[in-house]
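S.K.: What follows is a structure written as structure tokens; I'll ask about it next.
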Amino acid sequence: MTALLELCNVSRSYPSGEEQVAVLKDISLQIHAGEMVAIVGVSGSGKSTLMNILGCLDKPTSGTYRVAGRDVSTLDPDALAQLRREHFGFIFQRYHLLSHLTAAQNVEIPAVYAGIERKKRQARARELLLRLGLSDRVDYPPSQLSGGQQQRVSIARALMNGGQVILADEPTGALDSHSGEEVMAILRQLRDRGHTVIIVTHDPLIAAQAERIIEIHDGKIVHNPPAQEKKREQGVDAAVVNTAPGWRQFASSFREALSMAWLAMAANKMRTLLTMLGIIIGIASVVSIVVVGDAAKQMVLADIRAMGTNTIDIHPGKDFGDDNPQYRQALKYDDLVAIQKQPWVNSATPSVSKSLRLRYGNIDIAVNANGVSGDYFNVYGMSFREGNTFNAVQQQDRAQVVVLDANTRRQLFPNKANVVGEVVLAGNMPVIVIGVAEEKPSMYGNSNLLQVWLPYSTMSDRIMGQSWLNSITVRVKDGVDSDQAEQQLTRLLTLRHGKKDFFTWNMDSVLKTAEKTTYTLQLFLTLVAVISLVVGGIGVMNIMLVSVTERTREIGIRMAVGARASDVLQQFLIEAVLVCLVGGALGISLSMFIAFMLQLFLPGWEIGFSLTALASAFLCSTFTGILFGWLPARNAARLDPVDALARE
């Protein structure tokens, strides 16, 4: 009769300092299908090491171990996991049930790693628990079960994938006599159903219930009677659950890992929340800085555009502050006319300015008076609250009219509903108010400077007595490149003057500089926020490393029932990613709350969340989980199942 399990000259030794300590010495043993065998020996005799080798949890240092004719030494770790999953079932002295799972969920674990469909494995788990007398304890956690009930759950788990070979390590060691007798009766029933049952014990009363007793002492077998051939009942062989295809197994294990991750988070709510806190703050910082920074950037650019978009200012001299008398009269009215004829010009306005006293009744204020054309307000995109600008006839006739800004109107006419038509004194010259320019809001606040505008002809001839212009402002048509327009403008005036006695100031360059500056500042703040995200990620890695240490025994249990190293890696990696994703979602919610509060206090800001910002937050959370979860997950996957099971 061919042996199901066969060991030939198997030895197992472990390093101890510079020496090797032999635990098993030249063990040769055959166990046939359907046998009930007891391996007995005192503590330290090597019986547990022998059981670990029989269950493919450990490998011999030398010798050969075959399972159904297959040499175990030729199998890779995944093949060994499959062998444990499909052929072996473990029953431990301390039950080794996962405390955060129900009885049924504990029983299902081997089927999860076999890729069995959820409904099928749930039905089989309930069937096994019913057979073992636990139909009313299916949804109970281990803490609500007695020792005997927990051991029966452990037996059901061993049978989940068929359990052709049942390895029981001191199965009654932690039970009272009555529960112990019940467990032994179940093991005898399994033997009668065709299972091969191997019991490791030091209790001679337990060993006596086996068909064959193998005694081990100091790593050597000292008593090994021959196997007895015994006729079994027909039709009671161990039921084997067919495993699912690879893709289904992966999907099932992924869902289970996701479920386990969620249960692990729920089991330690406070620790999970504190772990997430770093991610929450990091993601909230990144998203808030991106969103609020973009709103601030748009506000800054809007303020710059309010000063005149697509505009080019022309000033006499070489640069600002140049008071050389030969350049003072460089710009003439004819230059303005020539500029207005250019096809790329939308509008152009001259400018002369002077400080004046403006009086109305007993109110006397100082203002900055600007002599401009009617196109000035179009050039700077200004609208009117009352009245309108001056027309070409008023400019030609040097009309004594004035446009006030909102601040000047409040100072001169605090109690008047309509001021158009009112007469004020500009210096000693009476002028009629024909319009009030609309106040333009700004993130920097509204200017307290008082401004008034008169026709440039009135300002030049009647007030200042000069024929030249202080500056010309040109608005370029939409779609025309402002840099090229500036070059053509420079060429035109240089040809007219015969020399370059002026300089230009392109507002687009200011806009571009502001965009670059705000982008740099936003990038810097984002990097600061990313640092907080990295700190949060390190916190996740630290807690996950602690979690791996705390759950070492759980990892050993999962490996014993058939989990591959990749399954363990996947589970802990998913846990880290899930912590970061939930933290990221809470971080986005926090950033939305921050944005909402800012919107209340800064109603002029347009704060909005783009898909790019939200997608970036999601990717950041996922990447953080993968990056900082990899090391703990790898450490978990590299654990030796024997060492993991031995830890408390």
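For all residues, glycine too, the Cβ spot is worked out from N, Cα and C.
Not my notes, these are from Swiss-Prot:
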| type | residues | note |
| --- | --- | --- |
| BINDING | Gly41, Val42, Ser43, Gly44, Ser45, Gly46, Lys47, Ser48 | ATP binding site |
| DOMAIN | 5-243 | domain 'ABC transporter' |
| TRANSMEM | 273-293 | transmembrane segment |
| TRANSMEM | 417-437 | transmembrane segment |
| TRANSMEM | 523-543 | transmembrane segment |
| TRANSMEM | 577-597 | transmembrane segment |
| TRANSMEM | 611-631 | transmembrane segment |
S.K.: If you run the three-state DSSP split on Val42 (ATP binding site), which class comes out?
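M.R.: It is coil.
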S.K.: Just name the most isolated of the binding-site residues Gly41, Gly44, Gly46, going by other Cβ atoms within 10 Å of its Cβ.
M.R.: Gly44
S.K.: Residues of the same chain, at least six outside the transmembrane segment (417-437), with any C-beta under 8 angstroms of its C-beta?
M.R.: 356-360, 369, 377, 382-390, 400-406, 409, 451-454, 462-463
S.K.: Are there residues of the same chain, six or more positions away from Ser48 (ATP binding site), whose CB falls under 8 angstroms from its CB, and which are they?
M.R.: Asp169, Val200
S.K.: In sequence order, which same-chain residues at least six apart have a C-beta under 8 angstroms from Lys47 (ATP binding site)?
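M.R.: In sequence order, Ile39, Val40, Gly41, Val200, His202, Ile216 meet the Cβ cut-off.
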S.K.: Within the same chain, and leaving aside Gly41, Val42, Ser43, Gly44, Ser45, Gly46, Lys47, Ser48, name every residue whose CB is within 8 angstroms of the centroid of the CB atoms belonging to the recorded ATP site, in sequence order.
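M.R.: Once Gly41, Val42, Ser43, Gly44, Ser45, Gly46, Lys47, Ser48 are set aside, the remaining close residues are His202, Ile216, His217.
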S.K.: So if I exclude everything within five residues of the ends of the transmembrane segment (577-597), which remaining residues of that chain have a CB under 8 angstroms from its CBs? That is, six or more out.
M.R.: 258, 261-262, 265, 272, 275-284, 287-288, 291-292, 536-537, 540, 607, 609, 614, 617-618, 620-622, 624-626, 628-629
S.K.: Counting other Cβ atoms within 10 Å, pick out the least crowded of the binding-site residues Ser43, Ser45.
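M.R.: Output over binding-site residues Ser43, Ser45: least Cβ neighbours within 10 Å is Ser43.
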S.K.: Over the span of the domain 'ABC transporter' (5-243), how high is the average pLDDT in this prediction?
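M.R.: In the predicted model, the domain 'ABC transporter' (5-243) has a mean pLDDT of 86.
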S.K.: Does anything in the same chain, at least 6 positions from Val42 (ATP binding site), have a Cβ under 8 Å from its Cβ, and if so what?
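M.R.: Correct list: His202, His217.
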